[in-house]
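> Summarising the annotation, Swiss-Prot assigns Fe cation binding site to Glu54, Glu57, Glu58, Glu61, Glu64. According to Swiss-Prot, the domain 'Ferritin-like diiron' annotation covers 7-156, on the basis of sequence analysis. Per Swiss-Prot, the feature N-acetylserine maps to Ser2. Among the features that Swiss-Prot reports, region 'Catalytic site for iron oxidation' is placed at 54-61.
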Amino acid sequence: MSSQIRQNYSTDVEAAVNSLVNMYLQASYTYLSLGFYFDRDDVALEGVSHFFRELAEEKREGYERLLKMQNQRGGRALFQDIKKPAEDEWGKTPDAMKAAMALEKKLNQALLDLHALGSAHTDPHLCDFLETHFLDEEVKLIKKMGDHLTNLHRLGGPEAGLGEYLFERLTLKHD
C-alpha cells in the first residue's frame, strides 16, 4: 500500500535509508558487545566499557531518528537480519578502538553516499536532515577516536598494560 503523505521521496533513497538503519543497528550491537567485554571481571576497564556503551546508545538514537524520518517522509521501514559482531574477544583497548574507528568510517561513508543520493534526487529535506543530525557528529567522533588511538600509542611500550590503565583512568573517566 502506498503512502498518502509521500512526496519527493524516491524509492532509491528509501532503500538506502533502510540499509543505513541496518548498519546503525549493527553498530549499536557491536558497541554493546565492546562495552560489556571491557566490563568483564578479567578485563575490568570501566571507562572503556562506559565509552563503548555510550556509543551503543548513540547509535540506537541514530537508527530511531532514521526510522522516524522514514515514516515522516512516507517511506516504509524494512528490517533486515543483524549479524553478531565479528569478535567476542576484543583484545586490548587499542585493538578495540581501531575496530570502532573502522566501523565509524564505514558509517560515515554510508551517510555521505546517502547524502549524495539525496542530492542526485533533489531531496533537500533529506540532505538537511543528514547534515543536521549525523554528518558533523560522525566527523567529531572519528576525530575523538583518532585522538584516543594516538594517546594509547603514546602510552604503549614495555608496560602497555599500565598505559592502557592510565588511559582508561585519565582520559575516559566519567561522572
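Glycine is no exception: its Cβ is also placed from the backbone N, Cα and C atoms.
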> Within the domain 'Ferritin-like diiron' (7-156), what mean pLDDT does the predicted structure show?
96
> In the three-state scheme derived from DSSP, which category covers the residue listed as 'N-acetylserine'?
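Where the residue listed as 'N-acetylserine' sits, the three-state DSSP reduction gives coil.
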> Please report the three-state DSSP label of Glu61 (Fe cation binding site).
helix
> What does DSSP say about Glu54 (Fe cation binding site): helix, strand or coil?
helix
> Cβ within 8 Å of the Fe cation site centroid (Glu54, Glu57, Glu58, Glu61, Glu64 excluded): which residues?
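Going along the sequence, the neighbours appear as Ser28, Leu55, Ala56, Lys59, Arg60, Gly62.
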> Consider the binding-site residues Glu57, Glu58, Glu61 and say which one has the Cα lying nearest the Cα of Ser2 (N-acetylserine).
Glu61
> Using a 10 Å cut-off, grab the number of neighbouring Cβ atoms around the Cβ of Glu57 (Fe cation binding site), all chains included.
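So the number of other Cβ atoms within 10 Å of Glu57 (Fe cation binding site) is 14.
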> Among Ser2, Glu58, Glu61, Glu64, the recorded positions in question, whose Cβ has the most other Cβ atoms within 10 Å in this structure?
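Top count of Cβ atoms within 10 Å goes to Glu58.
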